[in-house]
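Pulled from TrEMBL:
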type: SIGNAL; residues: 1-25; note: signal peptide
type: DOMAIN; residues: 60-291; note: domain 'Polysaccharide lyase 8 N-terminal alpha-helical'
type: ACT_SITE; residues: H222; note: active site
type: ACT_SITE; residues: Y231; note: active site
type: ACT_SITE; residues: R285; note: active site
type: DOMAIN; residues: 332-561; note: domain 'Polysaccharide lyase family 8 central'
type: DOMAIN; residues: 589-653; note: domain 'Polysaccharide lyase family 8 C-terminal'
Amino acid sequence: MYKKGQLLALIVLFCVIASKSTAQEADTILNRYGRYLLSTSNNKVAGLPNIIASWPKLVNGQWPDVDYADRERGQWKTLTHLRRVNDMVLAWANPASTLYRNGVLWANLSQALQNWTDHKYINPNWWHNEVGVPQLMRNIIVLTRGKLQPALYNDALTVLAQTKLHEDATGGNMIWCADLVLHRAALTGNYELMKRSRDLIVNEVKITTGDGIQPDFSFHQHYARLQIYEYGRAMFFESIRLAWQFMETDMAYPADKLEILKQFAINGWQWMARHTITVPGTIDRAVVRKNELRNADIQPWLPFLKQLFPQSVGIHELEQHQQGKLTLNGFRYFPYSDFAVYHQPKFSAFLKTLSTRTYPTESINNENLLGGLLGGGDMYYVRTGNEYFNLMPVWDWTAIPGITTLKGAAVIERKKFNGSVGSSTSGFSAMDFAIKNKAESQKLEARKFWAFHQGLVVSLIAEVDRTNVTDTIFTVVDQSRLQSKVYMNNSKQPLYQRSGYHNGAKLLHHNKLAYYFAQPTQLYLKQGEVTGSWKRIDGGASDAKVTDSTMLAKIVHAPAKSVNTAFAVGYCENAKTLSKSKEFEKAFKIIANNADCQIIQFSDGLVMAAFYKASAVKINTVQMLEVSKPCLVMINNRQFYASDPTHTGGTLQINYGNRRVSLQLPDNGTTGTANLN
């Protein structure tokens with residue numbers, strides 16, 4: 001009997017110790033979350049007193065300038081109320097704030113918080129109710145723990161409990177919800193729910209071809225849509241923070257999950273931006289939201305990343321890239337997302353295309369109202385970071401940079417042939433392209449090709465067919481913010497004409513970039529002030545007038561002629577060097593540009609060739625290049641690179657001069673390599 005009593009006592013003691021340990025871990029996780037909030041708000045907190053002072057006075061717990069009846073699914077105006085409470089709490093809780101522990105501020109934020117918990121404002125969009133609102137409420141609860149009146153604290157917990165644990169959710173949505181439920185469980189002592197939520201979070205950090213991190217370290221959400229700096233941002237930032245919160249606890253991330261996060265940071269995240277600035281192709285419909293092109297900025301999270309990976313050279317270099325101290329250099333293609341990037345010391349080029357394996361940008365929640373042509377061969381050149389940032393309200397959305405288009409164009413047709421091939425330094429992409437009007441009564445079909453080598457981006461376009469197209473066809477060379485004077489050809493005088501057509505264009509210079517046209521070209525150029533509003537692209541945004549200045553350049557393809565053109569873009573310090581156009585002419589040679597194949601050869605001998613069917617083409621007077629099936633081929637000395645842009649795979653036979661090679665192509669669009677015999 002005595003021994004049984006001892007055993008029972010030991011079991012009870014063990015349970016008490018385990019419970020105490022779990023409670024301590026929950027407290028550690030909550031305390032770290034509070035530290036995280038204060039750390040990431042340090043840059044913001046200095047300006048909060050002035051911002052708070054600018055708001056009108058509360059009337060019965062409400063702000064007179066907030067629309068409490070708003071039902072907008074995207075930018076919900078009522079949420080402004082809770083965002084303000086969150087800012088007030090940050091100013092009250094941060095020791096660096098001049099309003100730290102301010103009594104008047106506390107009284108006002110308590111009154112405003114009570115108003116929200118009394119009314120529990122609801123939006124038709126589930127995301128606001130289960131993610132947006134609970135995220136802010138969690139911040140408020142954690143930073144005011146032990147200070148709120150018990151009744152108000154419990155009311156706040158009720159709002160936090162609006163989040164449900166959606167075990168069938170994926171990607172960013174899963175992380176958002178499970179993260180919130182985990183913190184509610186920690187606050188309420190439900191340790192079983194904490195563990196369950198943690199497991200869902202950790203299990204979502206995986207390589208997948210569904211929603212989430214792809215095998216090439218791009219990120220998809222809402223099917224095969226590239227959303228690395230939107231939903232991917234949520235997954236990544238929350239995972240970094242959670243992994244840090246869980247450090248040295250029983251809930252710590254396993255080593256293999258941490259490795260996925262590290263590789264995502266190094267091989268995905270940093271490549272799709274120049275320093276901290278990205279382009280529209282990486283954020284899908286979120287491009288219509290203010291400041292979204294800066295979503296690649298991870299600097300506030302770097303201290304946590306460095307604690308997770310203290311010995312990682314890659315994370316250290318990522319920090320320097322983010323700070324602008326280093327610049328990535330090379331070519332990278334993401335076959336799961338139809339995205340290519342070419343980083344150079346002086347500028348970066350980003351290309352987003354579309355295939356049967358990826359989806360066009362979505363337009364939901366009254367957002368992305370004009371973005372139907374996004375992803376159809378967008379080409380963005382980023383040097384300063386100001387080229388496209390917040391330019392969307394004034395953009396001409398019929399002239400997205402890089403696209404070939406016709407009057408009334410509305411739909412980019414998804415085709416199977418779309419891919420890229422390359423090494424770590426150079427590569428090219430090719431796309432079987434088709435664009436049509438909304439009624440599908442007009443259609444243009446073409447082959448499009450983009451080469452990245454020797455600091456140049458060379459674009460080829462070859463028409464295949466057109467249906468009922470009688471109006472002029474355009475290829476957009478660029479549409480960016482006007483950042484310098486614009487020069488054409490060898491003129492020492494800038495162009496002052498606001499808009500107009502220019503015949504015989506051979507060279508264009510703007511923002512230290514030179515645009516070289518292989519043949520004298522008719523160019524439409526528009527420069528200067530333009531106006532618009534955020535509301536024209538996002539129904540929930542402000543209709544206030546936005547004014548900016550743009551430079552829009554379009555190649556004019558005459559209606560009676562077949563489209564066949566080529567142009568190159570590269571860094572050029574000033575307009576005076578434009579007279580050296582022969583340097584561009586010597587840099588590459590167009591071997592073929594037609595419906596069957598598009599081939600160029602650079603001055604160093606490197607050959608890039610897109611074959612849309614089995615073909616044989618003469619590269620020079622003595623060498624033929626022959627392939628047995630549609631493919632993309634790059635030849636550099638004796639090194640051979642190839643990929644299957646249809647993602648079918650299989651054996652490719654290639655003859656190049658007197659050399660032969662047989663290569664088994666991967667079925668996922670990645671590059672295979674071989675030495676030519």
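Each Cβ is built from the backbone N, Cα and C atoms, and glycine gets one as well.
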Residues satisfying Cβ distance under 8 Å from R285 (active site), sequence separation of at least 6: T361, E362, S363, I364, E367, N368, G371
CB contacts for H222 (active site) [other CB atoms within 10 A, all chains]: 19
Cα separation, H222 (active site) to Y231 (active site) (Å, whole number): 9
All-chain count of other Cβ atoms within 10 Å of Y231 (active site): 25
